[in-house]
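Going by TrEMBL, these are the annotated features:
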- ASP33, GLU57: Mn(2+) 1 binding site (BINDING)
- ASP90, GLU93, GLU218: Mn(2+) 2 binding site (BINDING)
- GLU93, GLY94, THR95, TYR124, LYS169, PRO170, ARG171, ASP191, GLY192, ASP193, GLY215: substrate binding site (BINDING)
Amino acid sequence: MKRELALEFARVTEAAALAAYKWVGRGDKEAADQAAVDAMRTVLNGIKIQGEIVIGEGEIDEAPMLYIGEKVGIDSPDKERYSQVDIAVDPVEGTRMTAQGQANAIAVLAVGNKGSFLKAPDMYMEKLIVGPEAKGVIDLSKPLMENIDNICKALNKPLNELTVVVLDKPRHKTIIKDLQDLNIKVYALPDGDVAGSILTSVVDSDVDVLYGIGGAPEGVISAAVIKALGGDMQARLKLRSEVKGVSLENDKISAYEKSRCEEMGLRVGDVLKMDDLVKDDEVIFSATGITSGDLLEGVKRKGNIARTQTLVIRGKSKTVRYINAVHNLDYKPEDIMELVK
């Protein structure tokens, strides 16, 4: 994959963030989603790639997302010469945070060579993520506290110096209490496990571990960026009824999830290691802040001038770039201008 594509993919998340920003604090998460999706799709279709969305949110979520199997890239007679790539997207990670004007909403995507990303349905995924210094010591088939002990040994840290990110959801209430009872520092994020996962592996972050059950799309995106940064991750697909409880609706969705997994050659509950999630480190990851948070500054806008901050990581070279861009929205291409102004 050509390295100059990194800037092209940065433009994708910038456009998505600018489009979603119009809906920050307006209480309509579906509108924010739709705006970011439209912007992301428009820019992707202007890039010289043969791309396929392999991880999206177009199967269960009622919001209009880029769907699994969708083809993207510029339609040209020369397209057979373009890179064939798999793309994992989350146009707005943190739709609720965007709608409520809260911190840590980002637009994200990860791109790899064709066949390099796990193809999974849009369902729940249990995740355990650590940075490079604890690589090789995690095992999701073992109890969480045994993993915590092994991580502490690898990091040469006592329990009271360990920092764990967990999504602040009812399903994690007992886990958060158990960790805090051991005097472990817990950052309970309302949403945003991609941002949380990155914090385990970047310089100048005090986060050591991410654990919890979130979305599979975010899980594969997290795996791509963690592999690029040299960290480690294991995961398990979970049925909706396992996470949300038994009901007629949840059982119906779970049956569909199980059948989709079987179609894709996956088994619910199997431990997926890093190489199962992402086959190689030739990946490009891009995230642009929508609202300011722990990882990135959000969009700032005055009139038709907007500022964005984007994190771009290229796995092959392990290069991490922060791009601070100033956009004059009057000079955007017409199809983008109508989405972001």
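Here the Cβ of each residue, glycine as well, is placed from N, Cα and C on the backbone.
Curation plays no part in TrEMBL annotations; they are all automatic predictions.
Given the structure is predicted, the values throughout are model-derived calculations rather than measurements.
Between the CA atoms of GLY192 (substrate binding site) and GLU218 (Mn(2+) 2 binding site) there is a gap of 9 Å.
Here the CA atom of ASP33 (Mn(2+) 1 binding site) lies 9 Å from the CA atom of GLU93 (Mn(2+) 2 binding site).
Highest Cβ count within 10 Å among the binding-site residues GLY192, GLY215: GLY192. Of the binding-site residues ASP90, GLU93, LYS169, ARG171, ASP90 has the largest number of other Cβ atoms within 10 Å of its own Cβ.
Listed in chain order, the residues near the Mn(2+) 2 site other than ASP90, GLU93, GLU218 are VAL92, GLY94, ILE106, VAL108, GLY192, ASP193, VAL194, GLY215, PRO217, ILE221, each with its Cβ within 8 Å of the site Cβ centroid. ASP33 (Mn(2+) 1 binding site) sits 25 Å from ARG171 (substrate binding site), taking the CA atoms of both as reference points. Between the alpha carbons (Cα) of ARG171 (substrate binding site) and GLU218 (Mn(2+) 2 binding site) lies a span of roughly 18 Å.
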